[in-house]
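Just below is one structure, and these are the notes that go with it.
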Amino acid sequence: MTNETADLDQLEHAAIAIIREAYATLRPLAMLWSMGKDSTALLWLVRKALYGEVPFPLVQLDTELELDEVYAFRDRLAREWALDLRVELCPPEAEMDPTLPPATRAAARKTEGLKNYLQRENAQGIIVGIRRDEQATRAKERIFSPRSVGGTWDVRAQPPELWGYYATDVPHGAHVRVHPLLHWTELDVWRYTQRETIPYVDLYLARGGMRYRSLGERNITVPIRSDAASLDEIIAELAATREPERAGRVMDNESEDSFERLRAAGYM
Amino acid sequence: MQTESPPLAAATATQVARIVVAGHVDHGKSTLIGRLMYDLGLLHQSKIDDVVAASSRRGVAPEWSYVLDSLQEERDQAVTIDTTRIWFTHRQRRYTIIDAPGHRQFLANMLSGASEADAAILVVDAAAGIGEQTLRHAYLLAFLGIRHVIVALNKIDLLDDARVRYGELSAQLRDALRRTPPVAVIPVSASRGDNVAARAATTPWYDGPTIVDALEAVRRVAPPVQRPLRIAVQDVYRRDGARIVAGTVAGGTVASGDPLVLLPADVPVVAHRLVRWPDGDVAGAAAGETIGVVLDGERFAGRGDVLAPPLDRPQVAQRLVLEMFWVDVRGPLQNERLRLKRGTQDVPVVVDGTPSAYDIEEARTLGAAGDAQHNIVTLQVRATSPVVFDRRADDPHGARCVLLRGSRVAAIGFTIDAADASGDGGGPVTLVERERRSGRRAAIVWLTGLSGAGKSTLARAAERELFERGIAVSVVDGDLLRSTLNTDLAFSDEDRAESVRRAAAVAGILAETGHVVIVSLISPFVSDRARARDAARHPFYEVYVNAPLATCEARDPKGLYRRAREGAIRSFTGIDSPYEPPASPDLELRTDTLSVPEAAAELVAFVDGVTAPSR
């Protein structure tokens with residue numbers, strides 16, 4: 001028996017096992033949902049792992065600057081999948097570190113929104129749909145990534161992680177980020193979305209020679225040139241491209257270490 | 001009863017290969033990977049520009065390691081701090097390349113990266129020779145079970161007579177790596193690209209594979225489908241009235257209808273159904289796959305338990321011999337308390353006797369584990385409850401374990417054998433021993449219902465009857481907790497949740513001593529009771545003591561309803577705070593129609609049935 005998506009099966013089983021570990025060991029647990037392709041595929045995996053239920057809150061870090069289609073998608077899925085959606089309004093940009101470059105400062109709002117949520121709800125675990133291939137500093141992440149009380153990330157002091165044994169003990173006030181999609185690639189997410197017929201925002205599909213490859217806020221994300229108007233075409237496009245996924249994300253490209261500074265401070 | 005062959009998809013897939021690149025610091029690991037990416041045409045022009053620009057800012061020639069070393073600090077110090085990964089597809093195959101740091105202080109990170117690899121490239125600086133971490137990394141690769149090792153003899157561009165040096169070093173390396181002989185020793189210049197993707201004109205005397213050739217020969221290490229079945233229970237979910245025992249098949253295969261044994265309790269069970277969402281029932285599952293198992297009858301599996309075939313079962317013991325790579329700064333001490341994680345078990349252990357350390361670099365045993373860090377330590381531990389494990393000699397996968405000191409990983413390694421075959425005798429008294437002596441299974445029987453429904457009355461009546469029958473029984477009463485343990489709690493939703501949590505914790509402690517525990521608590525909310533059930537490490541039964549509000553209010557044994565109606569008590573369940581009845585209790589007692597002796601007799605019969613030793 002040949003199976004053209006056997007590699008997706010491996011990724012799926014690994015992600016399900018991670019989600020079940022998180023649910024069994026970290027309470028209260030929550031998940032970040034940006035309505036993008038990654039966290040929506042992850043949401044589907046949560047339902048697979050936990051037999052159709054999403055028994056914890058889904059947190060949207062809202063800057064009120066998402067595209068209209070994204071909000072509409074959020075509301076539709078929240079209704080259809082009976083989600084416990086929590087919209088966390090992020091503090092204004094004026095309150096961010098003024099030494100950060102402008103678009104990085106805009107992105108830092110989400111870090112602060114997340115901190116506010118974690119502090120208020122005392123969440124021990126938060127599931128996040130980041131992938132190692134998105135951005136070089138994310139490649140250094142652990143699947144279970146303990147964060148200190150301030151939510152900061154110390155890349156030098158990460159615990160060893162092997163054989164499915166994860167860091168699940170959390171000091172009071174600190175939390176663990178859980179990354180079930182860490183080993184997935186952008187192409188995997190689209191192939192999986194297609195195979196499982198997972199819903200997605202249609203801004204990813206090309207209209208008039210342009211499409212969004214990555215969905216961020218209106219003020220810091222731009223569409224790319226593309227004629228890929230279906231999932232098949234997106235998959236074909238990604239299999240051929242060498243253009244980085246986050247090329248349309250302004251903040252990643254402002255200075256050599258802008259993303260690293262964001263992440264050290266607790267960004268996703 | 002193996003009915004159909006289970007799907008083998010996860011086991012037969014060979015399109016993915018994971019390669020760890022290890023070796024001493026500065027021997028050129030990151031540079032080799034960066035060069036490989038460049039030569040295979042995998043780098044976008046913007047990345048090439050980025051490397052060139054970042055290199056010139058630091059005043060160096062194009063430094064391919066910058067492709068991987070992404071952190072500011074790493075670029076400035078030219079060192080890899082943590083593992084990083086690169087993905088690419090080459091000739092219809094997916095590769096994950098894991099760059100492991102070479103500094104001794106980052107060995108734990110190297111292990112994290114190497115633990116999941118199918119093969120390794122060990123990079124050795126041809127000019128500098130075998131470094132301290134070269135041997136340590138080679139030893140650890142063998143320890144982790146990585147058998148496919150490719151040696152890249154790097155920086156041959158710096159040598160005067162590369163051919164002679166290659167001959168000397170490959171002989172030294174083959175001698176040093178006797179535990180896992182390398183499949184190839186390749187002369188390489190990562191900065192110049194010699195023998196990376198293309199055969200180099202500078203090494204006409206070498207006719208072996210290039211790095212890319214060697215990578216293409218790597219075979220994916222498949223999950224151990226041929227091994228006996230092992231499923232470590234991660235969690236139990238209740239869906240549509242069924243209890244789904246969830247876990248990953250760590251070895252072997254399972255099909256619906258298979259007879260199994262639940263360990264460590266040693267209970268025979270049958271995998272009645274195998275389920276996935278949204279598919280529903282599936283015929284089977286194989287190593288590497290996640291699965292949910294619905295067991296026949298009222299079987300109480302919980303996190304930490306293991307499902308295995310009745311005849312090909314793992315070891316169960318409380319005293320174990322472990323062989324561990326010691327990560328922490330301080331070695332193990334006699335009588336020290338640590339935590340052993342094996343599968344989904346997480347068990348307190350005490351170090352028995354004197355541990356002994358083996359120095360990897362010097363290749364000799366040190367005796368008492370003074371300098372344990374980054375060496376191999378053999379030690380014996382005594383666990384507070386039985387541990388389910390495989391001997392490394394039987395199945396290295398089922399022998400993998402971790403030791404924690406507090407919440408930090410102190411060591412990683414393998415279970416070697418049981419130290420004492422009997423398991424019992426000496427050490428802390430276990431639940432299994434208590435249950436064996438009492439002849440009863442410990443359980444938590446949770447009575448929920450309105451104030452005045454008769455919970456405490458029934459609990460005390462049942463306690464008396466069970467006691468007379470010689471059964472170890474205790475009552476955890478809500479009123480008593482209110483006046484003792486819970487004096488800091490009021491009646492807000494949060495405080496009620498906390499009071500349920502505490503009652504469940506107290507019940508759990510008593511059940512651990514082998515008691516049948518009857519809890520009598522209003523516990524008005526479904527979610528709080530569900531949490532109590534989830535937290536219980538013992539069989540848990542919900543009993544709905546049901547009488548209509550009017551009946552309870554008419555009884556009003558403590559005058560509380562009257563005071564609530566007068567407004568003297570706020571948030572009173574049934575009056576101005578809701579009661580959520582159980583949707584499907586394990587037992588319902590209608591105390592408005594049954595007499596106290598009748599209801600108590602029903603409760604006693606129920607408890608007697610569910611704690612009977614044959615279950």
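A Cβ is built for glycine as well, from the same backbone N, Cα and C atoms used for every other residue.
Predicted automatically and left uncurated, TrEMBL annotations should be read as such.
Remember, it's a predicted structure, so these values are computed and weren't measured experimentally.
Listed in TrEMBL:
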type: ACT_SITE; residues: B:Ser523; note: active site, phosphoserine intermediate
type: BINDING; residues: B:Gly449, B:Leu450, B:Ser451, B:Gly452, B:Ala453, B:Gly454, B:Lys455, B:Ser456; note: ATP binding site
type: DOMAIN; residues: B:14-229; note: domain 'Tr-type G'
Rounded to a whole number, how many Å is the Cα of B:Ser451 (ATP binding site) away from the Cα of B:Ser523 (active site, phosphoserine intermediate)?
10
CB contacts under 8 angstroms to B:Gly449 (ATP binding site), restricted to the same chain and 6+ apart in sequence, sorted by sequence, are B:Lys455, B:Ile522, B:Tyr544, B:Val545, B:Asn546, B:Ala547, B:Tyr579, B:Thr591
Cβ neighbours within the same chain of B:Ser456 (ATP binding site) - under 8 Å, at least six residues apart
B:Asp477, B:Gly478, B:Asp479, B:Ser520
Determine which residues of the same chain, besides B:Gly449, B:Leu450, B:Ser451, B:Gly452, B:Ala453, B:Gly454, B:Lys455, B:Ser456, have their CB within 8 A of the center of the CB atoms at the recorded ATP site, and list them by sequence.
B:Ile522, B:Val545, B:Ala547, B:Cys552, B:Thr591
If you count CB neighbours within 10 Å, which one among the binding-site residues B:Leu450, B:Ala453 has the smallest count?
B:Leu450
Separation of alpha carbons, B:Ser523 (active site, phosphoserine intermediate) and B:Ala453 (ATP binding site) (Å)
13
In the three-state DSSP scheme, the residue listed as 'active site, phosphoserine intermediate' belongs to coil
Return only the integer: C-alpha distance in Å from B:Ser523 (active site, phosphoserine intermediate) to B:Leu450 (ATP binding site).
9
Need one number: mean pLDDT over the domain 'Tr-type G' (B:14-229).
84
Around the Cβ of B:Ser523 (active site, phosphoserine intermediate), how many other Cβ atoms lie within 10 Å? Please give the count over every shown protein chain.
27
Measure from the Cβ of B:Gly452 (ATP binding site) and count the other Cβ atoms within 10 Å, all protein chains considered.
24
